Ligand code: ADP
Ligand code: AMP
């Protein structure tokens with residue numbers, strides 16, 4: 001059937017085939033470390049038909065996977081608060097999207113949390129995903145540095161994360177300011193950013209998130 005559709009050429013990837021029927025709809029979720037991206041994404045998933053994919057969680061899982069060729073490299077980047085090379089991150093994201101849609105074709109809405117974090121991420125996305133997914137908008141959790149650091153230090157008491165300490169956090173904040181903010185600003189020039197004041201309580205933040213999602217569909 002597929003070879004009839006696509007002739008004798010190489011059979012295209014699952015994501016490509018499925019995108020001919022239902023293109024993945026993507027919301028990029030950005031904000032500083034500890035802005036509450038993960039917290040809010042979990043709440044969104046409860047009430048809306050979205051699948052949450054966290055770039056950081058996918059990288060941590062790959063770091064822990066037995067036999068992973070890039071586990072050590074990922075570990076070093078995370079500890080240093082640096083951005084992991086895009087080929088690794090984008091493959092993990094693409095694979096997770098494919099697996100989700102393969103299991104249930106109605107699950108084509110994704111919250112991609114912590115991506116694109118820099119110019120390299122954005123270029124990688126544009127190259128690999130061009131025409132294969134629609135980016136609806138960027139959900140930006142705007143939160144001051146001090147609040148972000150305090151939340152991560154609090155999270156660090158139980159998270160077991162190697163980067164929830166003051167030294168790593170200072171580097172992560174720098175990476176965020178230098179590399180991620182310009183990406184948010186770029187999307188802003190295209191009118192694609194929905195900003196939420198994330199310094200308030202979880203419920204207050206979520207009320208704004210709901211208003212955005214109810215409006216955007
Ligand atoms: P991110 O995914 O942006 O790094 P998290 O969602 O993991 O951030 O939140 C970081 C920490 O701050 C967690 O311990 C979380 O429970 C807490 N937190 C998240 N949102 C809020 C909020 N609005 N007010 C207070 N604490 C919050
Ligand atoms: P997070 O869980 O979003 O706080 O991310 C933790 C760490 O994972 C970051 O400091 C980076 O080292 C790495 N990371 C997360 N997202 C990305 C990404 N999009 N590209 C590269 N590295 C990432």
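Yeah, the Cβs are placed from backbone N, Cα and C, and that goes for glycine too.
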- Query: Which of these, 151, 172, does TrEMBL say binds ribonucleoside 5'-phosphate at the same site as 60, 82, 83, 84, 114, 115, 116, 117, 161?
  - Reply: 172
- Note on the structure: Matching 99-109, 121-131, 132-142, 154-164 to TrEMBL annotations, region 'LID' lands on 154-164
- Item | Where TrEMBL places region 'NMPbind' among the ranges 23-53, 54-84 | 54-84
- About how far apart, in whole Å, are the alpha carbons (Cα) of residue 114 (ribonucleoside 5'-phosphate binding site) and residue 37 (ATP binding site)? 8
- Item | Cα-to-Cα gap, residue 200 (ATP binding site) vs residue 60 (ribonucleoside 5'-phosphate binding site), nearest whole Å | 28
- Task: Calculate the distance in Å between the alpha carbons (Cα) of residue 36 (ATP binding site) and residue 161 (ribonucleoside 5'-phosphate binding site), and round it to a whole number.
- Result: 16
